[in-house]
Structures are given as C-alpha cells and as structure tokens.
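Novice: Pulled the feature table from TrEMBL, pasting it below:
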TRANSMEM  12-30  transmembrane segment
TRANSMEM  50-67  transmembrane segment
TRANSMEM  79-98  transmembrane segment
DOMAIN    115-262  domain '3-oxo-5-alpha-steroid 4-dehydrogenase C-terminal'
TRANSMEM  118-138  transmembrane segment
TRANSMEM  150-170  transmembrane segment
TRANSMEM  208-232  transmembrane segment
Amino acid sequence: MVSSDQNLFHYSLLTLYLIGPPTFIALRFLQAPYGKHNRPGWGPTMSPPLAWILMESPTLWLTLLLFPFGSHSSNPKSIFLISPFLFHYFHRTCIYPLRLHNNNNNKSKANNGGFPVSVAMMAFVFNLLNAYVQARWVSQYKDYEGDGRFWFRFFVGLVVFLGGMGVNIWSDRVLVGLKKEGKGYRVPRGGLFELVSCPNYFGEIVEWLGWAVMTWSFAGLGFFLYTCANLVPRARANHRWYLDKFGEDYPKGRKAVIPFLY
C-alpha cells in the first residue's frame, strides 16, 4: 500500500513537470477561450462563477480528504504549511466566484460570454493532480525533522506568498469593478496596472514562488513552474489584446506581466 502510493506520488509529480512545456508552447499559439479571448467553437458553456467553483474545488475537498491520512497530519509544521494553500483556494473557489456573481450585470455578462465546459474540465483535472501532489507532499513525504531551517523558509515564503496574494486579489477586484460598470472593456489604472497589463497574473506567480520557498520541494517548484507556463503566455496575449484594442491610448511603458522586464 505504501509502495503503491509512493509510485503514484512519484508519477504524479513527474506529470506535473511534463505538462508544463507543452502548456507553455500551446498557449503561445492558442489562448483559452474565456474572458477577453472568448470565442465560439469550444462546445457548451456555463456561467463563469459556476465554472470557477467547479474547476478550483478539488484543491479544497481533495486536499482536506487526503491530508488526515498523512503521517504528518498532526504535526503543527504540516498544518501551518498547508494553511496558505487552502487559504488561497478558499478565496479562489468561494469568494472570487461570489464576487463575479454579485458584480456581473447583464451587460457585462453579454460582453464576457459563457465559460467553456471543456476548459473548466481541463482545469478541474489539473487541480486534481496538483492538489494530490501538494497535499501528499506536505502531509506525508516532507521530512520535517531533518529540515533545520523550516521556520526560516516558511516565514520568508509566507511573506512572499501573502504579498503576491494581496496583489492578485486587489487586481482582480479592479478588473471585476470595471466589468460591473457595464461600459465594456476599459484601460485599468492604478497600482501595478501602471507597470504591467496583468498584475493579477503577476501576483499569482509571486504567490506560488512563495509556496515553493515554503515547501522547499520539487512539488512546490513544479507548481510554480507550471503557473509560469500557464500564466505568462496568457499575460502576453492579454497585453497584445490591450494594445490592439486601445492603440495609442494604451500606456506604452507597460510590460505584460513582470514589471520592467516582460
């Protein structure tokens, strides 16, 4: 039983690394058809709030299901470590969809269209994989006794994580607020929007960099790298979309996702 779980964990972790490069390459040429890139031809759609609940939910229920079965489940270090992960996904699964539901008036819904069920299901499968890898690493396979710098790494990573989450949540609120006005797409202003087109993606990348530091593991690093493979091409596409739509009215000094660099 132990050996079979170790094999499953090993191959799941390997899969997390293997899917990153093809995801990055695919998204350089074909953007997921939701939000600004919404377009027909991807099958049935569902409401965006419901899609977010569906595709993000495994990170909560699967993590909470697996965690108690780990040999470190009662270790305070393990509990502290998994808490930021659950905190992020409680917001993403419960709070963010509720904000979308409350703020989307009929006009903004018409602008955004539905969320393709096929895309939501692909994200659902990824989150199943990732939740398993992260939960099993934290609760079962991490060596807490042999990590003499655990608390140093945890607090450094937590500061990075919370800083990124703050940027992510604030940026999402700005974007949702613009949709609520029902005036179509507009140029976001203020804060990190003055430096990059997608500070929400930048914030999430920083979050999972912090998670990689906190866990100090191939599991955390794999998630961080996949996040970059997924969000950097989408940020680049969003940046080009803004430039095409607003032309000379769009600030020329803004980068796509990394301030001053890219």
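Each Cβ is built from the backbone N, Cα and C atoms, and glycine gets one as well.
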Novice: Taking 50-67, 150-170, 208-232 as candidates, which has the most Cβ pairs under 8 Å with the transmembrane segment (12-30)?
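Specialist: Selected stretch: 208-232, with the most Cβ pairs under 8 Å.
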Novice: Kindly report the helix/strand/coil residue split of the domain '3-oxo-5-alpha-steroid 4-dehydrogenase C-terminal' (115-262) according to DSSP, in that order.
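Specialist: In the domain '3-oxo-5-alpha-steroid 4-dehydrogenase C-terminal' (115-262), the DSSP-based counts are 109 helix, 4 strand, 35 coil.
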